[in-house]
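As recorded in TrEMBL, the features of this protein are as follows:
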- 24-515: domain 'K+ potassium transporter integral membrane' (DOMAIN)
- 527-794: domain 'K+ potassium transporter C-terminal' (DOMAIN)
- 20-40: transmembrane segment (TRANSMEM)
- 60-81: transmembrane segment (TRANSMEM)
- 146-172: transmembrane segment (TRANSMEM)
- 192-211: transmembrane segment (TRANSMEM)
- 218-240: transmembrane segment (TRANSMEM)
- 265-285: transmembrane segment (TRANSMEM)
- 297-318: transmembrane segment (TRANSMEM)
- 338-365: transmembrane segment (TRANSMEM)
- 386-410: transmembrane segment (TRANSMEM)
- 422-443: transmembrane segment (TRANSMEM)
- 450-470: transmembrane segment (TRANSMEM)
- 476-496: transmembrane segment (TRANSMEM)
Amino acid sequence: MDLEYSKFSDASKKGSWKTALLFAYQSLGVVYGDLSTSPLYVYKSTFAEDIQHSESNEEIFGVLSFVFWTLTLVPLFKYVFVVLRADDNGEGGTFALYSLICRHANVSLLPNRQVADEAVSTYKLEHPPEKRSSSRVKVYLEKHKVLHTALLILVLLGTCMVIGDGVLTPAISVFSAVSGLELSMSKEHHQYAVIPITCFILVCLFALQHYGTHRVGFLFAPVVLTWLLCISALGLYNMIHWNPHVYKALSPYYMFKFLKKTKKGGWMSLGGILLCITGSEAMFADLGHFSYAAIQTAFTFLVYPALILAYMGQAAYLSQHHHTSYHISFYVSVPESARWPVLVIAILASVVGSQAIISGTFSIINQSQSLGCFPRVKVIHTSDKIHGQIYISEINWVLMILCITVTIGFRDTKHMGNASGLAVMTVMLVTTCLMSLVIILCWNKPPAVALSFLLFFGSIELLYFSASLTKFTEGAWLPILLALFLMTIMFVWHYATIKKYEFDLHNKVSLEWLLALGPSLGVARVPGIGLVFTDLTSGIPANFSRFVTNLPAYHRILVFVCVKSVPVPFVPPAERYLVGRVGPAAHRSYRCIVRYGYRDVHQDIDSFETELVARLADFIRYDWHRSQHTSPYAEDDASHSNESSSERRLAVIGTVTFSGTPGYGIEESVEPASVSIGFSTVESVTDVIEMQAVGAGAVERRVRFAIDDDDSESDGQTKMYVQLEEELRDLMTAQEAGTAFILGHTHVETKQGSSILKRLAINFGYNFLRRNCRGPDVALKVPPISLLEVGMVYVV
């Protein structure tokens, strides 16, 4: 599906202030659900054990001062004013930063990269690299291969902590909201009611995921808006009624007084204070759903003031109540007459916040899978209209089981908060490190600017991170354990994927071998289309030679298909298919490279098969037309037949909108040349970009062409037209005969003499994951009746 790319055509619409306000309103439900519910548990987690609320109020005022400055420096200054500007074609998140870095420096570990990928419109560099001091960092990064792996591990660490947050956020949000029942029930009844009710809500939340959030998404923004207005009103009421002078505690002086009095206990309590910024990363991760102006407006003018008022109101109430009959919590500051309505709104808001992080977890796992860093899972697009709405059933049920386990196992906000805090701070530290590289490599700023950013925000986050680590035995061990487990899976899968690609690269078969196959060797051509899936972008894969060796026949139309990922969020539909010939035209063999971005959702197999055949037909028309009309590169049929020593050039085939009668023009540029040739037609025009072989003199030619039916009639007796019609007829006949999908069924094992660690990772770890996860046929949605699997043993 190519719905994701439609937002690029609407870029100009995002500029109007009315649209920005509408997006700002809609972003409340998607982006700010988690952040806006943090007042439910921040004070409760902070005062859980390390510090006590005293009559001097130094503790509560110190905590309020820390909360205010943390919210101001991290979400407002760091994210809203800096990080949100580091978007990748409008997309945000950990992978967006990694993608930007990989495009500006050669540090990517994706195996099958091509020069042609750099011609994708979304790949273009907004800030061309400079040949000055910043290039020293780039050269150093590119020179040391170990830094490429370290960078990937850093990205995977951030990804794993986001997934861990997807386990912890629903648990702590819903549990904290339901905990309001303690003020309306006896302690005996309360302890037996909160856990079952929380688990029931969590089960319902995950059970409804497969319907997609678009069915109830229109309720999300009103719920969060109502919640923000509610906590703002409560904050104002408590300030006016209990302590109008609480605003004085916003001074940084109270932070120093707090630390001076509480010492080590105050430092350890920072693990609870940092929960006030949980959900801040969502502003960046969900940037692709909205515009920068919308997210900036919503946070600056609504979310930020509402949160400050909420925390000030709670502090004002607590400053006058030092001996409450219940533990410090959000609900003690709610007037009794409003307690039940606030409880209902809080539960709804916590569900909305949980929904946002669950959807984000699905999205980031899909991105990891597209970059070869996660085992294959079945991704379901739940909406035909809303970008980014996906569902992964295996991940959904695993998250549900882990959420319920955390709720039942921890049973209190303190342990959940400690676990969630560590996960949040790790993600923020990863973002700060990656952002520093973006400032140097992508924005071309002096290293001193990046170092200042790293030291300023990194020191704040390290302070909170160190406080979280002290809670290791009190819940913080959980995200570390989850991250280690997930990173092991992701790194083993990525390592084995790279090794398999290297094996394929070293064992590919020459083109001469393919062209030599024929009746003389007992090999027959059967009707139909054979799609041979491979990771290779050139050469004949070893699995096809094994297929022909065991079954001496292959299809009349043979297509080597490579489905690959490009380090961009989206590949425009018109630039997705890269098509070329394998051997002469008479052999009827082709290569098709299908390119997806890390946020693209792959097509279902029916539309993929139909579109692939259409693109092949377009390429055939173009190729014969080029040989007839582009004189500098003209080739007659003899040259078609003789071109057996190497593969033909590849061309990007895609339909584009066209109106009017274009002229002939050549566009000159410093970069590879671009040639446009136009012919009048009332039909659609196919846009073609030719890619020569990779090399120093690589040339790109852009050709727009169309064959008018009348011209074809008048030229019908020519040799070219007859051969063109014959090739198209063969393609249509083969499509009617049926399509077979030829995939490798692989088993990977290590070489003799490999280290114990490698044998454990490959022979046990990778093969266990491969056997118990979705196969490539399921991931590609191949119908079983059309599937041909070729057994392959990879020795790596």
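Cβ from N, Cα, C; glycine included.
Predicted-model confidence for the domain 'K+ potassium transporter C-terminal' (527-794) is 72, expressed as mean pLDDT.
Within its own chain, the transmembrane segment (218-240) has Cβ neighbours under 8 Å at 25-30, 32-33, 36-37, 39, 246-247, 302-303, 305-314, 316-317, 333-335, 338, 342, 345-346, 348-349, 352, 355, counting only residues six or more beyond its boundaries. When Cβ-Cβ distances under 8 Å to the transmembrane segment (146-172) are tallied for each of 20-40, 60-81, 192-211, 476-496, the top count falls to 476-496.
Against the transmembrane segment (386-410), the recorded stretches 20-40, 338-365, 422-443, 450-470 differ in Cβ pairs under 8 Å, and the greatest number is found for 338-365. Below 8 A, the CB atoms of the transmembrane segment (476-496) and the transmembrane segment (422-443) form 3+ pairs separated by six or more positions in the chain. When Cβ-Cβ distances below 8 Å are used as the criterion, the transmembrane segment (297-318) is approached by residues 20-21, 24-25, 27-28, 31-32, 35-36, 38-39, 42-43, 53, 60-61, 63-64, 67-68, 71, 75-76, 80, 225, 228-229, 231-232, 234-239, 241-244, 246-247, 249-250, 276, 283, 328, 330, 332-333 of the same chain, each at least six residues removed from its ends.
Between the transmembrane segment (192-211) and the stretches 60-81, 265-285, 338-365, 422-443, 450-470, Cβ pairs under 8 Å are most numerous for 338-365. Counting Cβ pairs under 8 Å to the transmembrane segment (338-365), the top-ranked stretch among 60-81, 265-285, 422-443, 450-470 is 265-285.
For the transmembrane segment (60-81), the list of distant contacts is 35, 42-43, 46-47, 53, 246, 248-255, 257-259, 261-262, 266, 269-270, 273-274, 276-277, 280-281, 283-284, 295-296, 299-300, 304, 307-308, 311-312, 315, 318-319, 428, 432, 457, 460-461, 464: same-chain residues at least six beyond its ends, Cβ to Cβ under 8 Å. Here the transmembrane segment (422-443) has long-range neighbours at 74, 78, 82-83, 86, 94, 97-98, 100-101, 104-105, 125-127, 129, 134, 137-138, 141, 154-155, 157-158, 161-162, 164-165, 168, 271, 274-275, 277-278, 280-281, 284, 449-451, 453-454, 457-458, 461-462, 464-465, 468-469, 471, 476, 479-480, 483, meaning same-chain residues at least 6 beyond its ends whose C-beta is under 8 angstroms from one of its own.
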